[in-house]
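Asker: The following feature annotations were taken from TrEMBL:
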- 8-119: domain 'Longin' (DOMAIN)
- 188-208: transmembrane segment (TRANSMEM)
- 228-247: transmembrane segment (TRANSMEM)
- 254-271: transmembrane segment (TRANSMEM)
- 277-295: transmembrane segment (TRANSMEM)
Amino acid sequence: MSMILSASVLRVRDGLPLSASTDHEQSTGVQECRKYFKMLSRKLAHLPDRCTLKTGRYNINFISSLGVSYMMLCTENYPNVLAFSFLDELQKEFITTYNVMKTNTAVRPYCFIEFDNFIQRTKQRYNNPRSLSTKINLSDMQTEIKLRPPYQIPMCELGSANGVTSAFSVDCKGAAKISSAHQRLEPATLSGIVAFILSLLCGALNLIRGFHAIESLLQSDGEDFNYIMAFFLGTAACLYQCYLLVYYTSWRNVKSFLTFGLICLCNMYLYELRNLWQLFFHVTVGAFVTLQTWLRQAQGKAPDYDV
């Protein structure tokens, strides 16, 4: 039978449990999953805001928002749309009931244990899907999950439990590296969007001037081929800056600074073909995009901690 077994509310920065359901099954498999709850709680600040961990017969799903994470354990065949709709209801109620100041200043575990009453009522509703009256919300959640599916956490990403390294760790090192490439960035700001558009504009200007330089070279041999290379290198650098601004990669900030250096070198070489205002515009845009890339960091990154 597909059902929700337990749920917890935790603080993201240090994994402090704020509230939890109390009537979960006591089977060996469920108790083993409780260990995964504890392991995940130590890594919440380093994980995306919507995740799933498959542990065989059970799934652990959680969402994070405003420094609080809402985690639940369900059977493997429990529908994703119901699981995340359940978590979404917990999140809305918790945010309405407790302000951010209370959650940030909490010092003892389960200080909001009274929230368990709402968790229990909601769990009962979702364990009997026919009684749900939120079909529109479920439809919206299903669309959202299709557009932005939860991140599937590999077992190796959990590290070790009780001081013993996971048996999956060695085999999954490569998978962990790959997963970092899918790290989500913080939402784009208005200045970031402007930087992206300006970088595209600079790339287009370089591309147009490069084609004109090719025409001039073919017609009169009066154009230096190195100028053509400088224009096209400038185009590639601008487009790569756009890529770094939008997508997360390893050594992202270093790549951005090196790309900005290439833009500066190209414009220094093109000094004779551009006036000071043109040079200033290209270099300034390159610096602006580099700054926006540095400011737009990965979601949830924070200094490591121990619970």
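We count from 1, first residue shown onward.
Any Cβ shown, glycine's included, is placed from N, Cα and C.
TrEMBL does not curate its annotations; it predicts them automatically.
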Asker: May I ask which of the stretches 188-208, 254-271, 277-295 has the most CB pairs under 8 A with the transmembrane segment (228-247)?
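Answerer: Comparing 188-208, 254-271, 277-295: 188-208 has the most Cβ pairs near the transmembrane segment (228-247).
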Asker: Are there residues at least 6 beyond the ends of the transmembrane segment (277-295) whose Cβ is under 8 Å from a Cβ of it, and what are they?
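Answerer: Same-chain contacts beyond the flanks: 189, 191-192, 195-196, 198-199, 201-202, 205-206, 234, 237-238, 241-242, 244-245, 252-253, 256-257, 259-260, 263-264, 267, 270-271.
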Asker: Summarise the model's confidence over the domain 'Longin' (8-119) as a mean pLDDT value.
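Answerer: A mean pLDDT of 86 is what the model gives the domain 'Longin' (8-119).
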